[in-house]
Amino acid sequence: MNVIDHVRDMATAGLHSNVRILSSLLLTMSNNNPELFSPAQKYQLLVYHADSIFHDKEYRNAACKYSMALQQKKVLSKTSKVRTSTGGAASNIQAQSLPSEIEVKYKIAECYTILKLDKDAIAVLDGIPSRQRTPKINMMLANLYRKAGQERSAVTSYKEVLRQCPLALDAIIGLLSLSVKGAEVASMTVDVIQSIPNLDWLSVWIKAYAFIHAGDNQRAINTICSLEKKSLLRDNVDLLVSLADVYFRAGDTKNAILKFEQAQMLDPYLIKGMDVYGYLMAREGHLEDVEVLGGRLFNISDQHAEPWVISGCHSFYSKRYSRALYLGAKAIQLNSNSVQALLLKGAALRNMGRVQEAIIHFREAMRLAPCRLDCYEGLIDCYLASNGIREAMGMANNIYKTLGANAQTLTILATVCLEDPVTQEKAKTLLDKALAQRPDYTKAVVKKAELLSREQKYEEGIALLRNALANQSDCVLHRMLGDFLVAVNDYQEAMDQYSIALSLDPNDQKSLEGMQKMEKEESPTDATVELDGDDMEGSGEDGDLEGSDSEAAQWADQEQWFGMQ
């Protein structure tokens, strides 16, 4: 047993720090005396040394050392051909025991991917002949192609993964996300479903994800529910998270939160999907719960985007936009495909008045998740904020035509129509259609109430809001009902509605303003003094809440917040 065998055994045993020290010393000896080790032994040493560096997360250095190993392999290949021609059987046996050249190339691509050098990673993997590509190489290539917008190549690579591994479910999701028909994908798994017992659920699972990626939320919900009710798949965390996400996409916040909570109870270490859950909780005003959730996820892992997004949502809904911007940027740094991180950063930029930068982030989110309406809503908000009504109308019409006339698309189009006096009547018709489909859809109720307020149809607005609140409790709806009640001089119930709104979201400034306005009307003299004091206090708070670029820089410099010590 020679020294190279000892290095190999330590590498196999996972003694990476030991391998790194010894291989470094042996490579130096080899450089000073080239005759000390054979070309094959030097190749082995370089690969084991690169592996140990990769384990230490020094990816640029590891890529360099792996490349040196490949150069050494070329030297080895030339000498092996000479030995083979002279009938050296021992050299063939030795070549078979050497680290795989294909595996080394995969490791280089892995380094480049981590370093976000996707083009270099694709170039390395493209250099591997198709017949020699393993399933994991095809999977990495497919993901890289999809990220680069090379959809046809991505589809080919995903299909190759399924040809070799027909139960590769993430590859199935990849194909469905690229608009490959569910029936075609299912046909690639028929043989394995028929040959293995208890896999009859797989065809239904494929159908569910096909509906998700086609934007057919209701059919996706129905299909996943039918799967989840089956005894063998009941309480599956992945299915529950997918169901929660589809409820969220469909605008059903109540059921989305319910399913996220159910999944979290089953798996306390769950990270996937928790960014959406945190966002929904923050939007509903449960900021204390969001803070606890963010802290808990940081304790699980600070190397995922989700805890940063959750903490960013807490900052955003606390009106700490600079901090939200920093946290969103940190999340994107960890996962450039995090749609929720892009939306968080885009929203923070928009509220800081940096609309053009916000548009870039919403567009990227839209590219990654073309069936998520909140990506389009963010972009439309930016257009409206910059008086781009024509662009907003074009976008809203495109969503309406692409995804069909459902409550959400009708409400989005109505929202844009409300911005132009000429299209106010059209907005009313669209909202009526939306509410006919889903009387409980909060965004449609809010927009219809805004329209009725403009038309001073207060009694009609009160009836609309009471009807909506009969089956749900929402801060905005309670506050708007309070505003309508003030308009008809029903001050006592208006005060009750503002109180309920504040109990749901203590940070709802508009409800506070509504209460203060009522107090001012009831006691003009006292309220004047109190209002002056409030105005002075509020002016100081606004400066703090809005944040500044210098605050963002401070957070960037001091990476010690939320577990970054």
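Cβ atoms here come from the backbone N, Cα and C positions, even for glycine.
Because TrEMBL annotations are produced automatically, they should be read as predictions rather than curated entries.
What TrEMBL records for 514-523 is compositional bias 'Basic and acidic residues'.
Among the features that TrEMBL reports, compositional bias 'Acidic residues' is placed at 529-549.
For 514-565, the entry in TrEMBL reads region 'Disordered'.
The DSSP breakdown of the repeat 'TPR' (237-270) into helical (H, G, I), extended (E, B) and coil residues amounts to 27 helix, 0 strand, 7 coil. The repeat 'TPR' feature in TrEMBL is assigned to 237-270 (among others).
Per TrEMBL, the feature repeat 'TPR' maps to 339-372 (among others). Mean pLDDT for the repeat 'TPR' (339-372) in this predicted model: 94.
Long-range contacts of the repeat 'TPR' (475-508) within its own chain (CB-CB distance under 8 A, at least 6 residues past either end) are made by residues 284-285, 287, 317-319, 442, 445-446, 449, 453, 456, 458-459, 461-462, 465-466, 468-469, 514-515, 517-518, 521-522. Annotated repeat 'TPR' per TrEMBL: 475-508 (among others), in sequence order.
When Cβ-Cβ distances below 8 Å are used as the criterion, the repeat 'TPR' (237-270) is approached by residues 208-209, 212, 217-218, 220-221, 224-225, 227-228, 276-277, 280-281, 283-284, 300, 371-373, 407-408, 438, 441-443, 472 of the same chain, each at least six residues removed from its ends. Across the repeat 'TPR' (339-372), DSSP classifies residues as 27 helix, 0 strand, 7 coil. Residues in the repeat 'TPR' (475-508) partition by DSSP class (helix H, G, I; strand E, B; coil) as 27 helix, 0 strand, 7 coil.
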